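Student: Mind having a look at this structure? Questions to follow.
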Amino acid sequence: MSGSSLPGALALSLLLVSGSLLPGPGAAQNAGFVKSPMSETKLTGDAFELYCDVVGSPTPEIQWWYAEVNRAESFRQLWDGARKRRVTVNTAYGSNGVSVLRITRLTLEDSGTYECRASNDPKRNDLRQNPSITWIRAQATISVLQKPRIVTSEEVIIRESLLPVTLQCNLTSSSHTLMYSYWTRNGVELTATRKNASNMEYRINKPRAEDSGEYHCVYHFVSAPKANATIEVKAAPDITGHKRSENKNEGQDAMMYCKSVGYPHPEWIWRKKENGVFEEISNSSGRFFITNKENYTELSIVNLQITEDPGEYECNATNSIGSASVSTVLRVRSHLAPLWPFLGILAEIIILVVIIVVYEKRKRPDEVPDDDEPAGPMKTNSTNNHKDKNLRQRNTN
């Protein structure tokens, strides 16, 4: 073997050796965590979720275990539906394994250590095996504190009177030091409401439907999770932002929409006027598509038909307080609609030409002179005529 071929042969042998060391598509791979659960502090009545994501070949099995506070060695397995159905376990297996543990309506007894276990060892469920060897573990500590007591005013229903409304919250008991408090509406902090006060008020001077929603008074503490209370401000739907008319050509697609303010979020219904009565759209033709998103609805009609689709459409919003409806007129034009202006101009030109031709034909016989008649009146000597009038007649006798 020549010296020049030695480096190439050596490189090839090294590549083969290294390739044999890498796990192939079907090679076994021990379980490992990609995402492990994180410790949290919660208040009574709240909920928490813990995530566990593992990889391995074959895909590892995932289990959830729990140990009470100060009893870290006394683990018990958690099952879906445990603790009066407050525990939910959702697990999915594919190229990796993912599991979510969720516990709602927390109590003080839910505090403790929660453990995600994963293993793809064939003997992992053999009781003669040591679980600490066949299973890998990731732990999270959940601390549940007593929620502070917050007294709130009653829910409000906005009427047409427009009388001022005052929302009130009072933090009556808390074992933690208050940092600050503020108001939110639908999850958004209201400006100029942040202060360090346990007794909070928010005033709506001229309440309207757009002022309705979920109001929260939120309290932040030095060494505890924030606490909040909810006051619902309700109002009947008020539809805004709709189109009064829509003009489309035959074969095109049409989209009509309605927006509303008011709380709770309404249920939407689309209707079309048939024989003077609004009837709910049945979509028997399969060309109607309705999309509803809380305070927004959309009606789409594809491949418009000039004989079926024109007319008056109505969107209706209804919630527990009241309802509202608005209508939109849909006009569908023929395919020839873009040519109508040109055809109109062409028709005017043709009519004008016909009028001119007819006029010329009627005018020409009157203007041709007759050969038997003199071309003009006879000329006379007007001067001589006047002189003859002044001459006296002489009697020759």
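Yeah, the Cβs are placed from backbone N, Cα and C, and that goes for glycine too.
Owing to the predicted nature of the structure, the values given are computational and were not obtained by experimental measurement.
Feature annotation from Swiss-Prot assigns disulfide bond to Cys52-Cys116, Cys169-Cys217, Cys258-Cys315. The feature domain 'Ig-like 1' is assigned by Swiss-Prot to 29-134. Annotation comment: Swiss-Prot describes 148-234 as domain 'Ig-like 2'. For 237-327, the entry in Swiss-Prot reads domain 'Ig-like 3'. According to Swiss-Prot, the feature region 'Narpin' maps to 149-161, an assignment based on similarity to another entry. Per Swiss-Prot, the feature region 'Disordered' maps to 364-397. Annotated topological domain 'Extracellular' per Swiss-Prot: 29-338, in sequence order, evidence recorded as sequence analysis. Under the heading transmembrane segment, Swiss-Prot lists 339-359.
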Student: Please report the DSSP secondary structure of Cys169 (disulfide bond), reduced to three states.
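Tutor: Where Cys169 (disulfide bond) sits, the three-state DSSP reduction gives strand.
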Student: Could you tell me the mean pLDDT over the domain 'Ig-like 1' (29-134), as a whole number?
Tutor: 92
Student: Which one is it: of the disulfide-bonded residues Cys169, Cys217, Cys258, Cys315, whose Cα lies the shortest distance from the Cα of Cys116 (disulfide bond)?
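Tutor: So, of the listed disulfide-bonded residues, the one sitting closest to Cys116 (disulfide bond) is Cys217.
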Student: Can you tell me how many other Cβ atoms are located within 10 Å of the Cβ belonging to Cys169 (disulfide bond)?
Tutor: 26
Student: Restricting to the same chain and to sequence separations of six or more, state which residues have a Cβ under 8 Å from that of Cys52 (disulfide bond).
Tutor: Phe33, Lys35, Ser36, Pro37, Ile62, Trp64, Val98, Ser99, Val100, Leu101, Cys116, Ala118, Ala138
Student: Check each residue in the chain of Cys315 (disulfide bond) that is at least six apart in sequence and keep those whose C-beta is under 8 Å from its C-beta; list them in sequence order.
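Tutor: Sequence-distant Cβ neighbours: Ile239, His242, Met256, Cys258, Trp268, Ile269, Trp270, Arg271, Thr297, Leu299, Ser325, Val326, Thr328.
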Student: What does DSSP call Cys217 (disulfide bond) in the simple three-state scheme?
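Tutor: DSSP assigns Cys217 (disulfide bond) to strand.
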